[in-house]
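TrEMBL lists 193-332 with the feature domain 'Peptidase S54 rhomboid'. What TrEMBL lists as region 'Disordered' is 35-76. Residues or ranges marked as transmembrane segment in TrEMBL: 86-105, 152-172, 193-216, 228-246, 282-301, 313-331.
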Amino acid sequence: MQGEQRCLTRTVLLLSGRCPHILQQQCSFRRAYRRPESRKVEEDLSPSRTQTSEGPAPRRPTTTPHSEHPVPPNSPRAFGRLVRPFVFTVGFTGSTFGLAAIWQYEALKSRVQSYFDEVQADWLEKLRPQKRGDIRKQINQWWLSLSEGQRTVTGIIASNALVFLCWRIPALQRSMIRYFTSNPASKTLCTPMILSSFSHFSFLHMAANMYVLWSFSTSAVSMLGREQFMAVYLSAGVISSFVSYACKIATGRFGPSLGASGAIMAILATVCTKMPEAKLSIIFLPMFTFTASSALKAIVAMDAAGVVLGWRFFDHAAHLGGALFGIWYALAGHELIWKNRENFVKLWHDLRTRGGGR
């Protein structure tokens, strides 16, 4: 527990004016200079002519994607666009936890076999002549030196880095805006809800989010296990996007959003709820410490104020949705979902063994 608290102490929290960049789920975008070529990109972002959006200029691929202009609040018919995202959110969350339960079952089943494989590998390693400067061996040693939580989030970080590089390719800009930014005004609604959680246009945005995820990974995975951790993380990404959709439709303020902050907020909120007395600090101000409970209250209060007051520099609705989901899961969701997975695992076991009781 002390090791986990020391890990959390090094984590950056959103308690000052500039810190929201660190957990920026879906950042607002700078206005790009309007060019005639950008009209093709607008077609993917806007289903009608009443809403405008400007994509990155072809000659400047590093320009940030442009958010759409605010439009007047829509009629109740517009809320019908939330039906498919809602069904997708429920189905994706249920499927994610179901697959996580199967993953845990298979991992436990193969643990004994893996043990014997490791014993055999160690025996062969002793017979094999040692090589100096073996890069593969050094990578394996580094990998084994990581905690289980750090190994779990390595794939997430690599996926975010790959998507970030794709944003730098001008030929992919149109597809990236359509599938890797979530926008309730777009023609594509469901797929971006999860893909946008792995998408960052700014390197600083990605680096800050991944640093927070890396810092909390050890505590979160030791608390939940890697399978449950992944289920919570992926589900939180979709749930935070749905909350963002609902808020944008209710206020009529449409625009593309992206970032992993909604999912990270859920992990942060889960850890802070489970470990409320853990000591945290800001990376650049290590002399000031505070409890995890106080930090979580400050973050939730700031995002709630952003939703009520209509702040638009960040997608506070997505932040708040991820945080509330993390708090709910720590208090009730774990008991309601994860601890009631036995029947589903038994059904999978029966399918695997093809003989019920056998």
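Each Cβ is built from the backbone N, Cα and C atoms, and glycine gets one as well.
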Are there residues at least 6 beyond the ends of the transmembrane segment (228-246) whose Cβ is under 8 Å from a Cβ of it, and what are they?
25-26, 81-82, 85-86, 88-89, 92-93, 96-97, 99-100, 103-104, 149, 152, 156, 182, 184, 189, 192-194, 196-197, 220-221, 257, 260-263, 265-267, 270, 315, 317-322, 325-326, 329, 334, 338
Taking a Cβ cut-off under 8 Å, which residues six or more beyond the ends of the transmembrane segment (86-105) line up next to it in the same chain?
189-190, 193-194, 225, 227-228, 230-231, 234-235, 238-239, 242, 337-338, 341, 344-345, 348-349
Mind checking which residues of the chain, 6+ beyond the ends of the transmembrane segment (152-172), have their Cβ under 8 Å from one of its Cβ atoms?
56, 58, 61-62, 146, 180, 195, 198-201, 203, 206, 209-210, 213-214, 217, 221, 226, 229-230, 233, 260
Need one number: mean pLDDT over the domain 'Peptidase S54 rhomboid' (193-332).
90
Can you count helix, strand and coil residues in the domain 'Peptidase S54 rhomboid' (193-332) using DSSP?
103 helix, 12 strand, 25 coil
